[in-house]
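Record features, source TrEMBL:
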type	residues	note
DOMAIN	A:132-420	domain 'NADH:quinone oxidoreductase/Mrp antiporter transmembrane'
REGION	A:496-524	region 'Disordered'
TRANSMEM	A:6-26	transmembrane segment
TRANSMEM	A:33-54	transmembrane segment
TRANSMEM	A:79-100	transmembrane segment
TRANSMEM	A:136-155	transmembrane segment
TRANSMEM	A:167-189	transmembrane segment
TRANSMEM	A:209-234	transmembrane segment
TRANSMEM	A:241-262	transmembrane segment
TRANSMEM	A:277-295	transmembrane segment
TRANSMEM	A:302-322	transmembrane segment
TRANSMEM	A:328-350	transmembrane segment
TRANSMEM	A:371-389	transmembrane segment
TRANSMEM	A:449-471	transmembrane segment
Amino acid sequence: MSDLSWVVPMPVVVPLFAAGLALALYRRPNLQRIVSVGALTIVLVASVALLVVVDDGPLVVDVGGWAAPVGIDLVADRLSALMLTISSAVTLCVLLYSLAQGNEDDEESAPISIFHPTYLVLTAGVADAFLSGDLFNIYVGFEILLAASFVLLTLGGTGERIRAGTIYVVVALLSSVLFLVALAMIYAACGTVNLAQLALRLPEIDPGVRLVLQVLLILAFAIKAAVFPLSAWLPDSYPTAPAPVTAVFAGLLTKVGVYAIIRTQTLLFPDGRLDDVLLWLALATMVVGILGAVAQDDIKRLLSFTLVSHIGYMVFGIALSTDEGWTAAIYYVAHHITVQTALFLVVGLVERAGGSTSLTKLGGLAKLTPVLAILFFVPAMNLAGIPPLSGFLGKVGLLQAGVAVGTPLAYVLVVGSVVTSLLTLYALVKAWNKAFWQTPPVERPPVRLPFGMVGPAAALVAVGLTLTLAAGPLYAYTGRAAVALTERTPYIDAVLPDGERGTGESAKLTDVASDGSHETGSDG
Amino acid sequence: MSPNLVLVVTIAVLFTVGVYLLLERSLSRVLIGVILIGNGANLLFLVAGGAAGGPPIVGVTPDGEMSDPLPQAMVLTAIVITLGMTAFLLAMAYRSWQLHRHDEVQDDVEDRRIARLAAIDELAVRDSDEEGPVPTLDEEAAEAHDETDEGHPVEEVAR
């Protein structure tokens, strides 16, 4: 244990505190901005610090001084620190972008006073889900970010957003209930919801029950992550929100689901009995998603479908259940968060310059705003996986991992992901040609894009390029994260140093042996 | 230790009714469905906590007779969360009613447009297949002429 463990709760506590402050300052927009930008900067710094520190071993905080299985614990290991760093960089960029948009537009398009506290709560929820070492606390993190996302998605309450929000809210609530049911079942079977203790106890229960629990958890997370049969809600609900909101949703929210799948699959269910099912689902997600994207005419919807499609890549990597697969999947998550967010931010600028997001109405933007053309082109090619960009590296990693596994199904997936990659290229090049090269149906007056909006979008594109340049160290890092996931012991030992209890206060084990919670542990 | 049968039956009923209501199109019914399912899940936690016992306070209840406090704490959290979500859903249903005078879940316009485009495409293909004997060019030309020419003389006569 390093003395740096006080940093671990920062990404959750700071935004929550700042959210309250921002709400209290709703009459002082300038102060609000300082508070939110300041808070998210602190989160970014804290996350980077965690990223560096936890490379030597996970950091654990037993919240309130209660020892781990009794109290709630926050755990920062390589995987969660990496997710935190990428997500806080992305949220900061999107916040800056939305600040500039708020300056340019009137209040109507993004009511600032509500936006700031909600956005901060959203980041706190995401961080909580990443850091939590307790399954019920992950649920709470999910609910925090969902409640915030409901508000952000229906910002302003226009007819279109209420329509989109309805679908989103109902589906999200359904997945929450599924998660809750899974939690109750897990508690009934194991008598605990602490991840580390679950990892110790789950192998002891009946395999059939374990499979049911696994399926329930995967179902709940797959809805959040938009894995194929459960993905139909996403392209219907995301595109109507304001550009920065769509960007942060597309980048982060589905990835929280993916993170939860990685965490539970590796830590709780390492025997991988659902791997074949997951591989098929991954294939279906990739292919169906990208075919949807090819059919779309609206660029925001097109990107939403590519988002669904590329979730398939991550599930592919997870379901391979090898070090290589997980390494590539984690790298792909990091790459995809930045690229997808950058693309949505750029599309917000496209809408500004071209007056529409419909590909039939756009045109000639390359002449109008060459900067925008570059900003769209780079992440688009990155998403499609053109060498030498990070999308290519991630996909090559996945393909190698698939070939290394060498089962017929893995080869099918390898072929499927190559086809999907080509179709992604087709869809994005189509969008590029229509939006930037075709003769515009209506001549648009030249527009000045505010630097405050171009800057953050460009910064995110640059982060995506950095992932390419720093691919060596980063890939090594995700490799180490994957090895730790396979071993499982670093995580469990960090949370429960003596195999029974974490650091902090708790009754002696002899007292607890006759306690109700322990009794239920044996009746599964 | 066997679970309480009454609780289990209640949970089953709550879930069944809840799922039925969730499949409705009206948002207020969906809301009631969500509440029912949520309560079903809460009861499930109570079952998961094992048999009821005395209050779990050291010194009040002997060690072996305490009820498990942890699931109850989780249920409390879940209830509070459901309350918040319910409030939001209600607000959204009301806003939908304000805007459209109903609170039904609507179709996605863009989605329907793409589906319609696809349907038109499909029809065009089927037409060329089903038409059987294709009319000769002369027949087609005659028909086309008839239609365009017919208007003119009538109009001229009318003038």
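Keep in mind that glycine also has a Cβ here, set from the backbone N, Cα and C atoms.
Three or more CB pairs closer than 8 A are found between the transmembrane segment (A:302-322) and the transmembrane segment (A:209-234), so contact between the two stretches is assigned (pairs 6 or more residues apart). Within the chain carrying the transmembrane segment (A:79-100), a Cβ under 8 angstroms from the stretch's Cβ atoms is held by residues 11, 33, 36-37, 40-41, 43-44, 47-48, 50-51, 54, 110, 115, 119, 122-123, 126-127, 130-131, 242-245, 247-248, 251-252, 255, 259, 262-263, 330, 333-334, 337-338, 341, 345, 348, 450-453, 455-457, 459-460, 463, 477-478, 481, 484-485, all 6 or more beyond its ends. As a quick check, the transmembrane segment (A:241-262) and the transmembrane segment (A:277-295) miss the bar of 3 or more Cβ pairs under 8 A, pairs 6 or more apart, so the two do not touch.
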